[in-house]
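TrEMBL annotations:
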| type | residues | note |
| --- | --- | --- |
| TRANSMEM | 28-54 | transmembrane segment |
| DOMAIN | 47-296 | domain 'G-protein coupled receptors family 1 profile' |
| TRANSMEM | 66-84 | transmembrane segment |
| TRANSMEM | 104-126 | transmembrane segment |
| TRANSMEM | 146-173 | transmembrane segment |
| TRANSMEM | 207-231 | transmembrane segment |
| TRANSMEM | 243-267 | transmembrane segment |
| TRANSMEM | 279-298 | transmembrane segment |
Amino acid sequence: RYLMDSQRDGNHTAVKGFILLGLTADPILRVILFMIILCIYLVTVSGNLSTIILIRISSQLHHPMYFFLSHLAFADICFSSSVTPNMLVNFLVERNTISYHGCGIQLGSVALFGTLECFLLAAMAYDHFVAIYNPLFYSTKMSTGVCVQILILAYVSSFLNASSFTISFYLLLFCGPNRVNHFFCDFAPLVELSCSDSSIPSVVPSFTAGSIIVFTVFVIATSYIYILITILKMRSNRGHHKAFSTCTAHLTAVTLYFGTITFVYVMPKSTFSTDQNKVVSVFYMVVIPMLNPIIYSLKNNEIKGALKRELGRKILS
């Protein structure tokens, strides 16, 4: 009852907060999931933080690809941190409540860092394309100035997309019920709870998010089509192997991330249940941020080499 504002606006009661229903009501399963997700979160933060530090301190990794990778690692930490700590609390308390403004902030954070991931994966695909398709002009086309401009575009676009979600959330009117059938303040379940006309507030963020997904997928697909054409034209097997090994880690990360967000946000809602939606959301918000540093460190000889050199220096010193 304390989540409902005592002041009434006409026939409506303004909601002061929401109850997040979480993943499960089973007490034993909640304890198991708490332990698993806590371990995943600790690996996510330590793994991505290690990636950022390694790229900063190792001069061999001062290339555009690793510049974008360090920002991807930062986005992974923030993306996971926007939902995971609250989800862990949800497993331990009987009823997990989140304030009205807290819900808006969480929604905005998820949209901001989720969009930033899309742009950074697209930027890394473009970087691979320039390196393989036009290696002679690589230093010019991917200069520090160009990389900074791409990064500014990514952050500004992500902020605008997050703003469209946050503003749309504040335009919705909630008069109860206030139980969100999710483990975080996702936009679709919130729209379902709204008692006001949600046609315009729900269309704008859907349009901006959809446009960004189409644009980033187009950049990635076009880059890899040209990469594939270039690789097929190569005569040496060594050239084939080097080009493929450069792209494998990135392609794995792209497939995992875009595959899951397509399942949640693009596929028709009638094809899967809310519970399936929650499971897939856990995968792309909690598991993928942990997997990214593992994928890039296992598949990349330069990162493995830099890690060995830095560890060697620490041991010798």
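Backbone N, Cα and C atoms are what each Cβ position is placed from, and that goes for glycine too.
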Any chance the transmembrane segment (28-54) and the transmembrane segment (279-298) are in contact, meaning at least three CB pairs closer than 8 A with a sequence separation of 6+?
-> yes
When each of 207-231, 243-267, 279-298 is checked against the transmembrane segment (146-173) for Cβ pairs under 8 Å, which one has the most?
-> 207-231
Local confidence of the prediction over the domain 'G-protein coupled receptors family 1 profile' (47-296), expressed as mean pLDDT | 88
